[in-house]
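Engineer: For 33-53, 77-98, 113-133, 178-198, 226-246, 288-308, 320-340, 347-367, the entry in Swiss-Prot reads transmembrane segment, with the evidence type similarity to another entry. Annotated heme b b562 binding site per Swiss-Prot: His83, His182, in sequence order, evidence recorded as similarity to another entry. Marked as heme b b566 binding site by Swiss-Prot: His97, His196. Annotated ubiquinone binding site per Swiss-Prot: His201, in sequence order.
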Amino acid sequence: MTNIRKTHPLIKIINHSFIDLPAPSNISAWWNFGSLLGICLIIQILTGLFLAMHYTSDTMTAFSSVTHICRDVNYGWLIRYMHANGASMFFICLFLHVGRGLYYGSYTYFETWNIGVILLFAVMATAFMGYVLPWGQMSFWGATVITNLLSAIPYIGTTLVEWIWGGFSVDKATLTRFFAFHFILPFIITALVMVHLLFLHETGSNNPSGLISDSDKIPFHPYYTIKDILGILLLILALMILVLFSPDLLGDPDNYTPANPLSTPPHIKPEWYFLFAYAILRSIPNKLGGVLALVLSILILMLFPILHMSKQRSMMFRPLSQCMFWILVADLFTLTWIGGQPVEYPFIIIGQLASILYFTIILLILPAISLFENKLLKW
């Protein structure tokens, strides 16, 4: 009798995805982040579900309902902080996953890559709307500032912003719809993840060398299932250390003050994982220009398959490109730091230089270095 996992219509899909999947024999720990992102998504959906059971999306009661979750609900504080810090772990894994893709040339699977970029946008939108829900000062003013950016769109901008707000300012209607969208988006993300995996399994995984690995494949289970479990244990360890020892490390103290439309906080800033994009937004004095730069800072990822000039796929054997890649990483750290600083000298000029460097490295320097490295191959 044939094994049920190979014949059952539903189980065989799981079998081809996680058990008998042929995987390259040399993929490193950098390939663990896909499964870690899956675990993050599951953690976020489960903790979010339990939070939604006790949360009320009304301006009068939202803040106190979060307080009630933390004080009165059994392990409510744990669920709330796992959800808040789970978002941070999600973004750490996301950035490392994208960085891995850039370094090893995984973007040459362009359907998989483009779905991944769409996923990044969807996760960022979800995180932004989630940050608004506790209805603290930074929630309210963050929502006001970021939604207001859409007013920079010519002709329809103001109408669009008021339509999103559901009124003439961020208010009850805004909070209610943000809660609805924050609830539905993770399920849309889950569907997109399945499409992401579908396209990935059409081609098979990339590997550190960037070479075709068809001649040397091993089954996903038990080799990579065990490897993924190790990664998952380390992820949960890191998350629980954060949640149980310093749950507010990555949060903003202003969000422990209930939202007050009459009092603006001295420094409005988003969560740490948006700071690099926020710094790029602020580095351009023009509103529309800033918004375009903000969107392009993420959308530029879709250009990588077009900008790939090298004859080699991976950066493993390209030391000059490696050097430039790590300068780009350092530049992103600089932008993240600048995004959290007040708008004053010398931070303004540092932010502008870092923003210019970000786009220059991606659009000009990396392709130019790739062409130079192609020339070196002939020496």
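Just so you know, glycine gets a Cβ as well, placed from its N, Cα and C.
Note that this is a predicted model, so its numbers are computed, not measured.
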Engineer: I'd like the number of other C-beta atoms within 10 A of the C-beta of the residue listed as 'ubiquinone binding site', please.
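Structural biologist: Result for the residue listed as 'ubiquinone binding site': 14 other Cβ atoms within 10 Å.
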Engineer: Which one is it, among the binding-site residues His83, His182, His201, that lies nearest to His97 (heme b b566 binding site) by Cα separation?
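Structural biologist: For His97 (heme b b566 binding site), the spatially nearest of the binding-site residues is His201.
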Engineer: Are there any residues in the same chain, six or more apart in sequence, whose C-beta is under 8 angstroms from the C-beta of His182 (heme b b562 binding site), and if so which?
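Structural biologist: Residues satisfying the criterion: Gly48, Thr126, Met129, Gly130, Leu133.
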Engineer: Count the Cβ pairs between the transmembrane segment (226-246) and the transmembrane segment (113-133) that lie under 8 angstroms and are 6 or more residues apart in sequence, then report whether there are at least 3.
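Structural biologist: Contact between the transmembrane segment (226-246) and the transmembrane segment (113-133): absent.
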Engineer: Please figure out which one of 33-53, 113-133, 288-308, 320-340 racks up the most CB pairs under 8 Å against the transmembrane segment (77-98).
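Structural biologist: By Cβ pairs under 8 Å, 33-53 leads among 33-53, 113-133, 288-308, 320-340.
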Engineer: Tell me the Cβ contacts of His83 (heme b b562 binding site) under 8 Å, same chain only and six or more apart in sequence, or just say none.
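Structural biologist: Counting only residues 6 or more apart in sequence, the Cβ neighbours of His83 (heme b b562 binding site) under 8 Å are Gln44, Thr47, Gly48, Leu51.
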Engineer: So what sits near His196 (heme b b566 binding site) in its own chain, CB-to-CB under 8 Å and at least six residues off in sequence?
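Structural biologist: Residues satisfying the criterion: Thr112, Ile115, Gly116, Leu119.
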Engineer: Across all the protein chains here, work out how many other Cβ atoms are within 10 Å of the Cβ of His97 (heme b b566 binding site).
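Structural biologist: A count of 20.
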